[in-house]
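Asker: Reproduced below are the annotations present in Swiss-Prot:
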type     : residues : note
TRANSMEM : 9-29     : transmembrane segment
TRANSMEM : 36-56    : transmembrane segment
TRANSMEM : 75-95    : transmembrane segment
TRANSMEM : 99-119   : transmembrane segment
TRANSMEM : 133-153  : transmembrane segment
TRANSMEM : 163-183  : transmembrane segment
TRANSMEM : 209-229  : transmembrane segment
TRANSMEM : 234-254  : transmembrane segment
TRANSMEM : 265-285  : transmembrane segment
Amino acid sequence: MMIKQYLQVTKPGIIFGNLISVIGGFLLASKGDIDYPLFLSTLLGVSLVVASGCVFNNYIDRDIDKIMERTKNRVLVKGLIDPKVSLIYASVLGIAGMLLLYVAANALAMMLAVIGFVIYVGVYSLYMKRKSVYGTLIGSLSGAAPPVIGYCAVTGQFDTGALILLLIFSLWQMPHSYAIAIFRFKDYQAANIPVLPVIKGISVTKNHITLYILAFMVATLMLTLSGYAGYKYLVVAAAVSVWWLGMALRGYKATNDSVWARKLFVFSIIAITSLSVMMSVDFNVHSSAVLLTYAG
């Protein structure tokens with residue numbers, strides 16, 4: 001039973017979701033020439049760092065998790081793992097993941113993992129989530145780190161492709177997270193978490209969702225327009241973006257915001273998975289514009 005609890009506290013669903021985006025970034029950069037030991041090491045390294053961040057987040061959020069319906073049965077809330085032990089566990093996971101990325105990939109991949117981790121645990125979980133309506137925006141940067149780590153593990157440099165991936169996944173996080181905040185509105189309100197729907201209202205949030213999906217649409221197309229992905233990717237990116245935008249616009253006429261937001265949330269996962277798969281298989285061999293280079 002203890003193994004199950006130690007697994008649950010790492011939030012396996014979040015790890016799996018992040019792995020799909022890591023694979024997308026890695027295979028996009030590989031352009032068909034896959035280094036399998038590096039591929040597996042990168043997946044494991046990112047998994048360990050994400051798991052570490054999730055355990056720290058569970059530790060930090062114990063007080064609010066017990067208030068929220070969705071989180072009241074979490075392992076640390078129920079006292080199934082000693083909080084001090086969870087901190088040691090999280091630290092070991094994080095250090096192992098970062099060292100693996102440094103040794104197996106390069107310094108840039110490790111540095112991106114450190115930055116994503118610090119933003120998620122230090123800036124978002126410890127402060128912004130509880131204090132600011134902009135918490136979601138800050139958190140989106142850490143959520144966009146995994147595909148960029150996957151990409152830079154291959155290239156060893158932060159180029160235009162890495163920047164576009166950062167934009168795509170950051171912009172995707174916003175409607176995805178706002179949809180959760182709408183259908184979990186009462187939970188966030190009860191826990192006094194200042195998400196946009198609670199602070200500004202659901203109608204304002206719908207406007208933000210629409211604008212972010214429009215920006216996401218432009219960012220997804222940039223991957224092909226800049227020569228990184230092919231036209232099959234472009235067709236799928238355009239199709240899922242337009243469909244997602246249509247769903248967002250239907251929200252203005254929705255009679256039940258919670259049901260609408262849940263559908264929008266589910267489709268957001270389909271959308272980002274589709275893009276990750278397409279960039280994995282429809283890549284272009286392209287000479288990258290280097291913005292920032294680190295020797296791996």
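Every residue gets a Cβ built from N, Cα and C, even glycine.
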Asker: To the transmembrane segment (133-153), which of 9-29, 36-56, 75-95, 209-229, 234-254 is linked by the most Cβ pairs under 8 Å?
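Answerer: By Cβ pairs under 8 Å, 9-29 leads among 9-29, 36-56, 75-95, 209-229, 234-254.
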Asker: Would you kindly list the residues that approach the transmembrane segment (36-56) from elsewhere in its chain, counting only those six or more residues past its ends and only Cβ-Cβ distances under 8 Å?
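Answerer: Non-local partners: 9-11, 14-15, 18-19, 22-23, 26, 30, 86-87, 89-91, 93-94, 96-98, 100-101, 104-105, 109, 113, 116-117, 120-121, 125, 142, 146, 149-150, 153-154.
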Asker: For the transmembrane segment (265-285), name the stretch out of 9-29, 75-95, 163-183 with the most CB-CB pairs under 8 Å.
Answerer: 9-29
Asker: So which residues does the transmembrane segment (234-254) touch in its own chain, when a touch means Cβ under 8 Å and the partner is 6 or more beyond its ends?
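Answerer: Cβ under 8 Å, 6 or more out: 175, 206, 209-210, 213-214, 216-217, 220-221, 223-224, 260-261, 263-264, 267-268, 270-271, 274-275, 278.
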Asker: Below 8 angstroms Cβ to Cβ, which residues of this chain, lying six or more residues outside the transmembrane segment (75-95), approach it?
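Answerer: Apart from its flanks, the transmembrane segment (75-95) reaches 5-6, 8-10, 48-49, 51-53, 55-56, 58-59, 62, 65-66, 117.
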